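Taking it in order: structure first as structure tokens, then the write-up.
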Amino acid sequence: MSQLLEVSGVTVSFDGFRAINNLTFSIGPAELRAIIGPNGAGKSTFMDIVTGKTKPDSGTVTFGEKSASLLKLSEAKIARAGVGRKFQRPTVFEDQTVTENLTLALKAARSPWRVLGWRVKGPDLDRITALAQQVGLADHLPRKAGELSHGQKQWLEIAMLLAQEPRLLLVDEPAAGMTLAEREKTTELLVDIAKTRAVVVVEHDMEFVRRLNCRVTVLHEGSVLAEGSLDHVTKNQDVIDVYLGRG
Amino acid sequence: MTRSFFLRTPSLLIFLICLALFTFATTLAAHYGLMSTSFVKTLGKTLCLCLAALAMDLIWGYAGILSLGHMAFFALGGYMIGMWLMYARTEEIVITSLANSGLPATPEEIQQGIASQIFGVVGASDLPTIWAFAHSLPLQLFLVIALPGLLALIFGWLAFRSRVTGVYLSILTQAMTLALALYLFQNDSGLRGNNGLSGLQNIPGLDATSQDSISLWFFWASAAALALAYLALTWITSGKFGSVIRAIRDDEARVRFLGYSVEGYKLFVFTLTAIITAIAGALYYPQAGIINPAELAPIASIYLAVWVAIGGRGRLYGAVIGAAVVSLLSSWFTGGRAPSIPLGFMTINWVDWWQVLLGAAFVCVTLFAPKGIGGLFDRFAGFHAPDRKGAPLGPDQGSLQEKEALE
């Protein structure tokens with residue numbers, strides 16, 4: 001099966017410090033993958049590279065059937081190509097209503113002229129309602145996003161990601177600050193999404209990763225240390241030394 | 001659709017009714033001689049300043065870009081219309097005076113006469129190249145929009161492309177307006193140096209018409225422009241476009257990851273507001289009668305920001321209220337009509353002390369009404385923003401509602 005995203009031989013250094021060192025990574029079109037690693041392992045930098053925020057010193061990043069390079073594209077173009085990103089802290093637009101937040105994310109033309117003439121239509125409203133229902137925010141559509149609880153904001157952001165209809169989702173610590181019930185719901189949601197799209201989850205919490213029940217990539221000092229099922233990597237002596245041993 | 005648009009934005013209808021009533025009342029007062037021509041002009045000029053403030057509110061209040069150079073576009077719009085006014089007016093005078101000399105004047109003689117009339121004051125007698133279109137009203141009207149629009153497009157493209165934001169962008173825009181002012185101060189810049197353009201209140205071809213009715217016509221034109229701009233900007237800000245630019249103001253990186261080209265939007269808003277400001281300037285200076293490079297001084301653009309801040313950012317009527325209140329008060333205090341206050345050891349002369357009062361008002365608004373004068377309407381309407389003193393509510397209490405958070 002051909003891969004959706006392929007990162008190969010990528011190196012990035014900041015002021016001489018190698019944040020990413022000859023990293024190679026790939027993920028299929030409908031796959032769930034967890035990335036774990038200690039602080040400073042390069043997890044966030046990896047996401048920055050894929051989404052275009054950071055340009056690597058060397059290496060290639062290709063995406064889609066045509067294996068188009070992402071390195072020349074701006075953040076906005078990469079997002080339009082089908083890469084969605086969820087940040088660690090919930091970043092919803094707090095001053096705007098849940099409906100407005102979802103409308104912003106809804107897949108539609110993005111150029112200023114087209115947006116100027118854009119007016120909401122029946123199918124858009126249906127889609128917004130369906131998305132809100134999926135994450136349990138159907139009753140909160142007219143509320144300002146800033147009034148939502150932390151967990152609800154996280155879900156709103158996930159709904160916004162889905163509204164973009166990306167082919168690859170990068171999710172940074174989705175369960176941070178959530179209650180146990182909220183975590184379970186988030187797990188279900190992610191597993192469900194991964195049936196049709198590629199999902200990369202960066203997570204610290206081992207329990208959460210276990211519940212995701214997927215392949216795990218362990219990063220250390222900017223490169224892949226081990227890859228495989230959670231049980232497989234937790235038995236790996238290198239992994240135990242650098243990561244698990246500390247916790 | 002139209003009905004729901006007016007229903008969704010109730011302030012639009014109220015604003016348009018207030019503006020219509022104000023225009024009607026002023027017209028009546030001027031007609032029955034209750035209002036002097038100069039006061040009608042002051043009110044007309046104030047409406048133009050309100051229009052500029054609307055543009056400032058769109059770019060600062062909505063898109064979060066504190067431009068401190070928008071009055072440069074205002075003055076450029078004034079210069080562009082001023083060039084035609086001055087050329088056409090001088091042409092009339094030159095033709096009349098040459099008609100007395102027996103032989104009919106050749107076009108070259110007329111051209112020469114105009115050039116020496118206009119540029120004698122700076123010691124030149126040739127028409128500079130930039131006056132090539134000054135003979136034609138449609139071309140100069142086109143330049144009113146095109147020149148500031150183009151300048152904003154180029155400046156904005158360079159600034160936004162390199163992702164200059166926040167205070168650095170504000171400084172750049174200040175530098176832009178200052179550089180333009182210094183350039184125009186030079187006699188060989190082709191716009192009469194520090195003399196500027198004058199006599200703009202005399203509209204060519206309207207010699208028979210009194211200033212009374214000309215001032216009223218300009219007043220109506222300014223009111224119409226303000227109404228149209230208010231309508232257009234309400235439409236823009238109430239839709240998805242408004243949602244996008246407010247999102248850019250609040251979290252620009254996030255908007256990028258949603259697939260919007262943030263730079264494109266900023267450039268769009270910057271250029272659009274530059275054009276609106278230029279139109280305001282083109283209506284303002286024929287009422288003021290004179291324009292010179294001092295109008296491009298950085299302080300003018302800072303005043304524009306102060307009006308919007310005092311009136312209330314992020315709401316269109318706030319900008320209009322701020323500009324109207326502050327500029328009318330300013331012309332009252334500095335016009336020598338405000339009585340001085342003798343304190344024994346010194347006298348408070350408002351012409352000098354007005355700036356202190358303005359500064360104090362600015363501090364008071366920041367402290368006691370952070371949403372500006374426009375924010376007071378929220379209080380009447382019973383909206384209360386939670387007063388969190390800037391403290392974030394943690395993940396588990398997560399709510400903006402003060403009441404919930406206290407429980």
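From the backbone N, Cα and C atoms, a Cβ is placed for every residue, glycine too.
Unlike curated entries, TrEMBL annotations are predicted automatically.
Database features (TrEMBL):
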- B:39-60: transmembrane segment (TRANSMEM)
- B:67-87: transmembrane segment (TRANSMEM)
- B:141-160: transmembrane segment (TRANSMEM)
- B:167-185: transmembrane segment (TRANSMEM)
- B:214-236: transmembrane segment (TRANSMEM)
- B:264-284: transmembrane segment (TRANSMEM)
- B:290-309: transmembrane segment (TRANSMEM)
- B:316-333: transmembrane segment (TRANSMEM)
- B:353-370: transmembrane segment (TRANSMEM)
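Long-range neighbours of the transmembrane segment (B:290-309) within the same chain, counting only residues 6 or more positions beyond its ends whose Cβ lies under 8 Å from a Cβ of the stretch, are 49, 52-53, 56-57, 60-61, 66-72, 74-75, 78-79, 82, 173-174, 177-178, 180-182, 184-185, 191, 193-200, 318-319, 322-323, 326-327, 358, 362, 365-366, 372. Long-range contacts of the transmembrane segment (B:316-333) within its own chain (CB-CB distance under 8 A, at least 6 residues past either end) are made by residues 11, 14-15, 42, 46, 49-50, 52-54, 56-58, 61, 226, 230, 233-234, 237, 303-304, 306-310, 350-351, 354, 357-358, 361, 371-375, 377. A contact between the transmembrane segment (B:214-236) and the transmembrane segment (B:141-160) is absent, since fewer than 3 of their C-beta pairs, 6 or more residues apart, lie under 8 Å. Through the fold, the transmembrane segment (B:353-370) approaches residues 306, 309-310, 326, 330, 333-334, 338, 376 of its own chain, all at least 6 residues removed from its boundaries and within a Cβ separation under 8 Å. Beyond the ends of the transmembrane segment (B:141-160), by six or more residues, the same chain brings 72-73, 76-77, 80-81, 84, 133, 169, 172-173, 176, 263, 266-267, 270-271, 273-275, 277-279, 281-282 to within a C-beta distance below 8 angstroms of the stretch. Listed by sequence, the residues of this chain that lie at least six past the ends of the transmembrane segment (B:39-60) yet keep a Cβ under 8 A from its Cβ atoms are 26, 30, 66-67, 70-71, 74, 212, 215-216, 218-219, 222-223, 225-226, 229-230, 233, 236-237, 269-270, 272-274, 276-277, 279-281, 283-284, 287-288, 304-305, 307-308, 311, 313-316, 318-320, 322-324, 327-328, 331. Within its own chain, the transmembrane segment (B:167-185) has Cβ neighbours under 8 Å at 65-72, 76, 79, 155, 159, 191, 193-194, 293-294, 296-298, 300-301, counting only residues six or more beyond its boundaries.
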